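In what follows, a structure is listed as structure tokens, so that the remarks can point back to it.
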């Protein structure tokens, strides 16, 4: 249920680690130690003291599947928007196959992404720091130096208490658009400074928002500088120019929204142009009703996404191609680092395990897609091919920068041209092509954590596989329960369950599926967004230019830090994300990743990653308590200036930050 919230919260390793620690010690002290046999193997409910390896496996089992399964959005779309709901078993198989397929793909690239020492995977360093702190038995040798465990408890406890303000009592504190209050009726000022606009000057005192996309305490500073440049160029330079010059008639729409409109600014009613059953475009009705329109920021973000994808491929070929070839060529005889040598005592997962999983998931996926008409058989093969093609370059980028270029746009683009007018087939193809890649990288991330913490690979494999299947069932059941029981879910009136990610997913199903890219980005039936397709070429050229420049001018130090995949992909979540989340995240990153790392390195090395884990823990536990104690029972904190009533007809979607014109178009109309 966190996924549908406006500020999404993920149950991270830190939350699981904190909650499971006392339970682990309690079970180690109370469970019987008697051994028994299962299929000839000796087992015990209590093999000994609660160890750090057991603790990490618990965290992995829960946290690796804490986010909502991507395919759940397909079930929500069919239920809420398209009126073509499938049987529960169809949704279940779709969710399971899309979540598990990637584990099989990971087996093919683990030698490139896990064993090399320079594939650091910054996120795993946070997790390793957390678990080492919780299991540290080192005696404090300096009375003036706080222990890591005490520091973690103080920071997470403080955040637990503080989050009651933005999470329940005083939500406005999370979006202080103070510049807008100077002239609240000024539309341009509201669009530039409001949280529903470009968010210039908006202060977010909500860690869930600050940590949504940039991950400022984890992402390396050079990567954050690239994000900053890309964010400023798109959000503060290109987007205002496009909007206020009325590019593509953008003044008829709000400046940053994930919604689709008609040419006159009304919400686009997709049911007006769909055939009965909701899975085919009625071309005559579409021509009569009119083409889709979106705000210029939304359209430009697609162009930037195109550029990020081609930049990822070219960048990896230029900067990492030689290393990849050498590793493939000498993978059996190369010298290994200390972690790899220590891990050699554990048997590796056999290749046939991955092969068997691949074949079984392929068969189940084919059955699911064909049996319930999600998409044609050949589309599944093509989606798999795209996922396999990009898993290595995307994995390399994330391993070094902690930023992940997504394949969602290219998958939508390809199938949109091959199967125009089929919305569900489009999102299904995207889910397989995109999620197989994402899940493979997720599995690789946990293998790297196991690499650092010396977890047997076979144990990690089984834990991941079992937890993925269990989480799929829970994901789907909880999503259906929320949709069926939560009033006004996936609307602004249903705050905090506004489902911006799901709405973006729905808009994408219209743009790429129901309507198709030819009618959106091509030259058919009034399409006007064709120029954004130049992003593919631009993204391929930029890394080449800077690679050549770095070889021509090797003494120019900053050239080697320009990372075009990160720079371009930085804004791939705008929308559904809000610009103020990026600006505030980058400000916090400047403090921790640059200032503290440079001028207080000892403190940074000891506490930085632990701080990130503690803040995440405090927010997530607090949000859980608030939900189950109050929001699940429809109990709201009394409405006041800092907690405006979203159902008040005199207010609007942008009332939370009291910047009432922030969500309107250039002419002051609330859409």
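Numbering starts at 1 and runs along the chain as displayed.
Using N, Cα and C of the backbone, Cβ positions are placed for all residues, glycine too.
Remember, TrEMBL labels are computer predictions, not curated facts.
Same-chain residues lying 6 or more positions outside the transmembrane segment (88-109) and placing a CB less than 8 Å from one of its CB atoms are 65, 69-72, 74-75, 349, 351, 353-355, 357-358, 361-362, 364-365, 367-368, 371-372, 374, 384, 387-388, 391-392, 395, 428, 431-432, 435-444, 447, 461, 464-465, 468-469, 471-473, 475-476. What TrEMBL records for 88-109 (among others) is transmembrane segment.
Sequence-distant contacts of the transmembrane segment (161-183) (same chain, at least 6 residues past either end, Cβ-Cβ under 8 Å): 7, 189-190, 193-195, 199-209, 580, 618-619, 622-623, 626, 630-631, 637, 641-644, 656-659, 661-662. Per TrEMBL, transmembrane segment is recorded for 161-183 (among others).
For 195-215 (among others), the entry in TrEMBL reads transmembrane segment.
Residues 188, 191-192, 198, 200, 214, 250-251, 255-256, 295-297, 300-301, 304, 401-403, 561-564, 566-571, 574, 579, 582-583, 586, 589-590, 593-594, 597, 666 of the same chain lie 6+ residues outside the transmembrane segment (221-244) yet bring a C-beta within less than 8 angstroms of a C-beta in it. The transmembrane segment annotation in TrEMBL covers 221-244 (among others).
Sequence-distant contacts of the transmembrane segment (297-319) (same chain, at least 6 residues past either end, Cβ-Cβ under 8 Å): 230, 234-235, 238-239, 242-243, 248, 255-258, 390, 392-394, 396-397, 405-410, 413, 507, 521, 529, 531-540, 542-544, 547, 563-565, 568-569, 571-572, 574-575. Under the heading transmembrane segment, TrEMBL lists 297-319 (among others).
The feature transmembrane segment is assigned by TrEMBL to 352-370 (among others).
Sequence-distant contacts of the transmembrane segment (377-397) (same chain, at least 6 residues past either end, Cβ-Cβ under 8 Å): 101-102, 105-106, 108-109, 112-113, 119, 312-313, 315-317, 320, 324, 362, 365-366, 369-370, 403-405, 407, 410-411, 414-415, 418-419, 425, 428-430, 432-434, 436-437, 440-441, 444, 563, 565-566. Feature annotation from TrEMBL assigns transmembrane segment to 377-397 (among others).
Same-chain residues lying 6 or more positions outside the transmembrane segment (417-438) and placing a CB less than 8 Å from one of its CB atoms are 70-71, 73-74, 77-78, 82, 84, 94, 97-99, 101-102, 105, 274, 278-281, 283, 365, 369, 374-376, 379-380, 382-384, 386-387, 390-391, 394, 404, 406-408, 410-411, 505, 508-510, 512-519. According to TrEMBL, the feature transmembrane segment maps to 417-438 (among others).
If you look up TrEMBL, you'll see 459-483 (among others) marked as transmembrane segment.
What TrEMBL lists as transmembrane segment is 527-549 (among others). Counting residues 6+ beyond its ends, the transmembrane segment (527-549) has Cβ neighbours under 8 Å at 248, 291, 294, 299-300, 302-311, 313-315, 318-319, 518-521, 556, 559, 562, 564-565, 568 in the same chain.
Taken from TrEMBL, the feature transmembrane segment covers 577-596 (among others). Note on the transmembrane segment (577-596): residues 175, 177, 195-200, 202-204, 209-217, 219-221, 224, 227-228, 231, 235, 256, 500, 570-571, 603-604, 608, 611 of its chain, located 6 or more positions outside it, place their CB under 8 angstroms from a CB of the stretch.
Per TrEMBL, transmembrane segment is recorded for 608-633 (among others).
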